[in-house]
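Chemist: First, the structure itself, so that you have it in front of you.
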Amino acid sequence: MMGLGNGRRSMKSPPLVLAALVACIIVLGFNYWIASSRSVDLQTRIMELEGRVRRAAAERGAVELKKNEFQGELEKQREQLDKIQSSHNFQLESVNKLYQDEKAVLVNNITTGERLIRVLQDQLKTLQRNYGRLQQDVLQFQKNQTNLERKFSYDLSQCINQMKEVKEQCEERIEEVTKKGNEAVASRDLSENNDQRQQLQALSEPQPRLQAAGLPHTEVPQGKGNVLGNSKSQTPAPSSEVVLDSKRQVEKEETNEIQVVNEEPQRDRLPQEPGREQVVEDRPVGGRGFGGAGELGQTPQVQAALSVSQENPEMEGPERDQLVIPDGQEEEQEAAGEGRNQQKLRGEDDYNMDENEAESETDKQAALAGNDRNIDVFNVEDQKRDTINLLDQREKRNHTL
């Protein structure tokens, strides 16, 4: 039974085997198809790769050619670079030499410049010191100028006061002289009247004798009348002349006293020339007719003026002692003072050479004001000259620096 069953099964198995075989054949065919398709693809790829290799070889040959060309060019460029580098090195060496030379020159210039700077610094310090001294001198000069201006104003006020006093004294003397002249005229009139009376008495005594001799009586009184008329007509004339002479004399004395008062401060300030003093002393003082009396009357007033002028320097001594002037400025101020004194003396000589006419107070004050202005102008000019000289010196020093 068992055998029969297995036989049956073996009778049924071939179709399955066939199916399996067909399936295997199909699978194998599919695999073959796949493999053949892959091989075709691979062949195509191989062909492509071969083409690429050929192309790469061709390109490689071209690249090698280009490489050779580039190497030649590189060698040429290297040679050029070597040449350029050698020329550059030569230029650098030359530039370095020039730089070193210039550096040495600049170092020398710097050293000389430093020396000059030190010298200029020393000069600047000295100039600053000199400038400070000059400023001190300028301040001292200004102080001295202010002191001199104060002193000059004080002298002017004293001169004006002295002139007023002298004028008052002159007016008093004019009044005294006029009174004396009137008294002298009156005394002369009295003496002449007494003389005439004595003559009339002397003539009246021999009158009877003349009548006895038969001389006319009317002639004598006519002569007496003429004499009296002449004496009366002549008596007023001397009085007017005396008054005029006295006025002229007083005016001359006033002018001479003013000259003496003006000369005294100048003598105190600067010594005059000996010839100038002799001219002042030799000038005539008296007037007409009353020369001796004029000189005698003038001496006490001149002495009073001299005493006042001598007292004034004693009062002004401390102020003068306070004025401290350097040596250079003393010489400049002495030169300026000598020029001013010469101009003043010339003005006084011109004033004395003119006719001795009476001047009013306004004229005198105007003359004094003119002198003050002239002196102020001289002071301003001196200051301008000093400043100009200082500026010129500074400019010269700046140019030298």
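Any Cβ shown, glycine's included, is placed from N, Cα and C.
Quantities reported herein were computed from a predicted structural model and do not represent experimental measurements.
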Chemist: Look up Ser39, Ser153, Ser187 in Swiss-Prot and give me whichever carries the note phosphoserine.
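Modeler: Of Ser39, Ser153, Ser187, Swiss-Prot lists Ser187 as: phosphoserine.
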Chemist: Please work out which residue of Asn109, Asn144, Asn398 has the most C-beta neighbours within 10 angstroms of its C-beta, and give that one of the glycosylation sites.
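Modeler: Checking each of Asn109, Asn144, Asn398, the winner is Asn144.
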Chemist: Rounded to a whole angstrom, what is the C-alpha distance between Asn109 (N-linked glycosylation site) and Asn398 (N-linked glycosylation site)?
Modeler: 22
Chemist: Between Asn144 (N-linked glycosylation site) and Asn398 (N-linked glycosylation site), find the distance joining the two CA atoms and give it rounded to the nearest Å.
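Modeler: With the alpha carbons as reference points, the distance is 30 Å.
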Chemist: So what's the mean pLDDT when you look at the topological domain 'Cytoplasmic' (1-12)?
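Modeler: Computed over the topological domain 'Cytoplasmic' (1-12), the mean pLDDT is 49 on the 0 to 100 scale.
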